[in-house]
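**Student:** Quick paste from Swiss-Prot:
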BINDING   GLU146, LYS200, SER248, ASP250, LEU255, LYS277  L-glutamate binding site
COILED    61-139  coiled coil
REGION    2-60  region 'Interaction with tail hub protein'
REGION    132-282  region 'C-terminal globular knob'
REPEAT    61-67  repeat 'Trimerization heptad repeat 1'
REPEAT    70-76  repeat 'Trimerization heptad repeat 2'
REPEAT    77-83  repeat 'Trimerization heptad repeat 3'
REPEAT    84-90  repeat 'Trimerization heptad repeat 4'
REPEAT    91-97  repeat 'Trimerization heptad repeat 5'
REPEAT    98-104  repeat 'Trimerization heptad repeat 6'
REPEAT    105-111  repeat 'Trimerization heptad repeat 7'
REPEAT    112-118  repeat 'Trimerization heptad repeat 8'
REPEAT    119-125  repeat 'Trimerization heptad repeat 9'
REPEAT    126-132  repeat 'Trimerization heptad repeat 10'
REPEAT    133-139  repeat 'Trimerization heptad repeat 11'
Amino acid sequence: MADSNLNVPVIIQATRLDTSVLPRNIFSQSYLLYVIAQGTDVGNVANKANEAGQGAYDAQVRNDEQDVILADHEQRISAAEATLVNHEERIRQAESTLQDHETRIAQNESDISSLDTRVQSLESQVSDHETRIDALEYATTRKKSEVVYSGVSVTIPTAPTNLVSLLKTLTPSSGTLAPFFDTVNNKMVVFNENKTLFFKLSIVGTWPSGTANRSMQLTFSGSVPDTLVSSRNSATTTDNILLATFFSVDKDGFLATNGSTLTIQSNGASFTATTIKIIAEQ
């Protein structure tokens, strides 16, 4: 704390010292001048002392102010150090948490990599299953040609006649000859698969009266031709003829690669058909 006494000036009691206040004819002129100079020197010393005291007081006041500032700085530094310690502790905790996170992330990345491998394997299996399912769906999907011709009058002669050539000139009541009956090459074709083909031909019509021995014959061309024959009694007025069979189709086999020509002929007399239904199914 500043000493207030330093702020009190030195007071000189003898404020005037000159030749008028000294005894005359006692001291020499040199001594009188010396005494007068001493008074001046004392005044100068007092002034300097007052200036020094004032400076010392001002310095102590400034020191007191700086002490307050330093105390505030020390307090703030202490608070900052405490905050820094807290920050260091939190940083250590954060680093520990980060290390834990890095460990868990590394584990997760390893798990994800394993899962990616398993997902890729599953995707490959799914793709394989989809391919197999598509194949199974295709294999179990029925392909069929079913055509009905009704209200017609078609003569089936006694000479061998290509059945597809005969049918393609007619207008069907329902259905189409495709895909099993090729109207360009006039033959029956099959899908190149190891699947059985079922065939049925139903014809309604009549032979001329008086025809004794009569039958309908259908031949399928092939390495070993198959022939179907339906015989009818002469007493029957309206004849319902049914010719049905099946073919065990082999992939890349003769029937799959060549198809089969269907040749029909009426034995005994020409046959007039009024309704025809032909079905092929694989």
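From the backbone N, Cα and C atoms, a Cβ is placed for every residue, glycine too.
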**Student:** Across all protein chains in the structure, which of the binding-site residues LYS200, LYS277 has the highest Cβ count within 10 Å?
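**Tutor:** When each Cβ's neighbours within 10 Å are tallied, LYS277 tops the list.
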**Student:** Give me the count of other Cβ atoms within 10 A of the Cβ belonging to GLU146 (L-glutamate binding site).
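**Tutor:** The answer is 16.
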**Student:** Highest CB neighbour count within 10 A among the binding-site residues SER248, ASP250, LEU255?
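**Tutor:** That would be LEU255, with the most Cβ atoms nearby.
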**Student:** Count up the helix, strand and coil residues in the repeat 'Trimerization heptad repeat 3' (77-83) according to DSSP, in that order.
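**Tutor:** For that range the per-state counts are 7 helix, 0 strand, 0 coil.
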**Student:** I need to check the long-range neighbours of the repeat 'Trimerization heptad repeat 1' (61-67): which residues 6 or more away from its ends have a CB within less than 8 Å of a CB in the stretch?
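**Tutor:** Residues 1-2 contact the repeat 'Trimerization heptad repeat 1' (61-67) from elsewhere in the chain.
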**Student:** Let me make sure I understand the span of the L-glutamate site: among GLU146, LYS200, SER248, ASP250, LEU255, LYS277, what is the greatest distance between any two Cα atoms, in Å?
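**Tutor:** Between the most distant Cα atoms of the L-glutamate site, 26 Å.
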**Student:** Going by DSSP, is LEU255 (L-glutamate binding site) sitting in a helix, a strand, or coil?
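**Tutor:** Its secondary structure by DSSP: helix.
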